[in-house]
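Peer 1: So TrEMBL has the following annotated:
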type: DOMAIN; residues: A:5-78; note: domain 'Glycine transporter'
type: TRANSMEM; residues: A:6-23; note: transmembrane segment
type: TRANSMEM; residues: A:30-50; note: transmembrane segment
type: TRANSMEM; residues: A:62-82; note: transmembrane segment
type: TRANSMEM; residues: A:89-110; note: transmembrane segment
type: DOMAIN; residues: A:92-161; note: domain 'Glycine transporter'
type: TRANSMEM; residues: A:116-137; note: transmembrane segment
type: TRANSMEM; residues: A:149-166; note: transmembrane segment
Amino acid sequence: MTWEILNIIGTVAFALSGVVVALEEEYDLMGVYVLGFATAFGGGAIRNLLIGIPVSALWEQGTLFTIAIIVMTVAFLVPRIWLQLWKKWGVFFDAIGLAAFAIQGALFATSMGHPMSAVIAAAVLTGTGGGMIRDVLAGRKPLVLRKEIYIVWAALGGFVIGMGWITSNFAIGALFISIIVLRMLSVHYNWKVPVKTGSSSNF
Amino acid sequence: MTWEILNIIGTVAFALSGVVVALEEEYDLMGVYVLGFATAFGGGAIRNLLIGIPVSALWEQGTLFTIAIIVMTVAFLVPRIWLQLWKKWGVFFDAIGLAAFAIQGALFATSMGHPMSAVIAAAVLTGTGGGMIRDVLAGRKPLVLRKEIYIVWAALGGFVIGMGWITSNFAIGALFISIIVLRMLSVHYNWKVPVKTGSSSNF
Amino acid sequence: MTWEILNIIGTVAFALSGVVVALEEEYDLMGVYVLGFATAFGGGAIRNLLIGIPVSALWEQGTLFTIAIIVMTVAFLVPRIWLQLWKKWGVFFDAIGLAAFAIQGALFATSMGHPMSAVIAAAVLTGTGGGMIRDVLAGRKPLVLRKEIYIVWAALGGFVIGMGWITSNFAIGALFISIIVLRMLSVHYNWKVPVKTGSSSNF
């Protein structure tokens with residue numbers, strides 16, 4: 001139950017991030033829907049594809065679709081004041097989506113008996129694949145490839161689950177909260193994964 | 001029979017639209033083939049993937065492949081005068097492709113017993129997915145996300161078929177012609193789906 | 001055995017080409033991994049998808065993953081002097097990857113009884129699909145669509161295998177070396193596939 005609520009929050013957060021990008025690019029209402037759906041469900045579609053679940057399993061999420069389309073329509077129709085709130089709170093909801101999707105992807109992959117590499121990839125792609133599709137469709141360079149630490153936390157979740165350290169709902173909850181906290185700290189303190197610039201090593 | 005002819009027209013129109021973009025981007029002959037194929041068959045590939053048909057079913061369309069490659073080669077070799085004609089008539093052939101592909105995608109999805117959301121998505125992706133892949137491969141922002149009403153007509157076709165209102169070949173024909181006419185009217189009168197610009201609501 | 005070594009060289013070359021693009025775009029370490037993996041394994045993933053092998057078969061390549069991740073990490077950490085060497089030798093390793101992947105893709109497709117069109121597409125996509133994904137994720141126009149003859153050699157390999165002309169390991173070796181030599185000659189003499197520019201035909 002709690003899990004479903006978190007999943008809904010994550011889906012709504014990702015759909016809204018697609019809406020925000022579509023509005024910035026001045027896409028029309030259909031562009032808003034396409035980008036919102038791609039962000040919210042694209043990561044799961046890629047994950048299903050890579051770990052061998054039929055991609056068409058997506059269509060069993062009827063309720064999530066309905067919620068997403070209502071949220072996107074409302075976000076498009078209401079005055080854009082919510083964009084101010086989004087700037088403040090968006091990163092938090094997005095962190096919930098990242099944590100929920102990464103854990104869900106990793107649990108899927110382990111339940112299918114995949115090796116560690118697949119579990120980490122499933123966590124990363126479920127958590128961040130939707131955002132990459134969104135950015136590619138908007139003609140942007142994928143943000144997750146260079147913003148404050150993001151993919152790492154999804155990979156970490158995949159690693160912890162792939163090691164078999166998560167054996168209770170309580171442990172899942174702790175991992176979930178850890179990923180959110182780590183992500184929020186990354187944003188707050190502007191933690192970055194090393195980037196190499198210039199022509200010589202900066203290590 | 002009629003259906004096959006429409007399917008051929010749609011495939012050729014989509015392949016040519018890929019050729020046009022490749023020529024504009026100064027891609028070479030192989031770029032022309034890649035972009036043409038991606039536009040003509042990419043939407044069907046994504047649809048197959050999402051509704052659970054093996055993507056490899058594509059390879060049963062041998063005749064369509066042959067036609068597409070001949071058309072693309074000729075379009076590349078002949079003087080570019082046809083580009084003038086394309087500017088005039090391209091949007092009409094493209095509308096045929098949109099209508100044929102959207103209906104075909106929706107019929108596929110209903111025949112597999114998918115819910116309405118999947119039927120609409122299949123119609124939209126079959127009708128417009130190829131064009132999105134084309135634009136992404138050409139480093140452009142997908143045109144369908146903001147040009148005159150386009151995706152809407154594919155979605156409408158999906159909705160009508162998903163509701164089970166189409167029970168005869170005659171009804172399919174009527175829907176097919178309706179989508180083409182609506183799309184042509186959208187271009188002619190420059191109908192747009194609402195876009196929100198500026199910092200306040202313009203509703 | 002020889003085959004496996006060539007496959008490793010190809011994978012490493014493609015992963016490194018992803019690393020080079022990620023460094024140029026100033027992506028962080030995770031961006032380096034994502035781009036490297038996408039380049040090295042993306043072509044194979046698309047090919048599996050299109051010819052009907054489960055995409056999840058990717059995860060059986062555990063050793064290749066480990067090698068790729070070690071190479072990418074080292075390439076990221078060491079001083080960037082290797083980029084100079086890459087400029088000189090990268091095109092050669094890349095040619096090995098192109099040849100190994102194109103042949104492998106074509107052999108896969110023939111072993112599944114696909115028609116010639118699918119065999120050529122499998123050769124082209126396995127050989128060049130990873131590079132296209134890399135460029136799209138980096139917000140660039142896919143290089144293979146316009147650089148010195150590249151896709152053609154993959155298509156040629158697919159054609160030769162699709163015709164059933166390759167019946168021994170010796171023949172595979174000869175085809176492999178031919179593709180590398182043809183690709184290197186293309187770069188050295190700057191061979192181009194015809195491009196049409198200007199408003200009139202230049203044939």
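Residue numbers in this text run from 1 along the chain shown.
Cβ coordinates come from backbone N, Cα and C, glycine included.
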Peer 1: What else in the chain is close to the transmembrane segment (A:30-50), if you only count residues 6 or more beyond its ends and a Cβ gap under 8 Å?
Peer 2: 11-12, 14-19, 21-23, 57-58, 61, 64, 68-69, 72, 75-76, 101, 105, 108-109, 118, 121-122, 125-134, 137-138
Peer 1: Would you mind splitting the domain 'Glycine transporter' (A:92-161) into helix, strand and coil residue counts from DSSP?
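Peer 2: Going through the domain 'Glycine transporter' (A:92-161) residue by residue, I get 56 helix, 0 strand, 14 coil.
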Peer 1: Tally the residues of the domain 'Glycine transporter' (A:5-78) by DSSP class, grouping H, G and I as helix, E and B as strand, and everything else as coil.
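Peer 2: Counting residues per DSSP class in the domain 'Glycine transporter' (A:5-78), I get 65 helix, 0 strand, 9 coil.
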Peer 1: The domain 'Glycine transporter' (A:5-78): mean pLDDT?
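Peer 2: Over the domain 'Glycine transporter' (A:5-78), the predicted model scores a mean pLDDT of 87.
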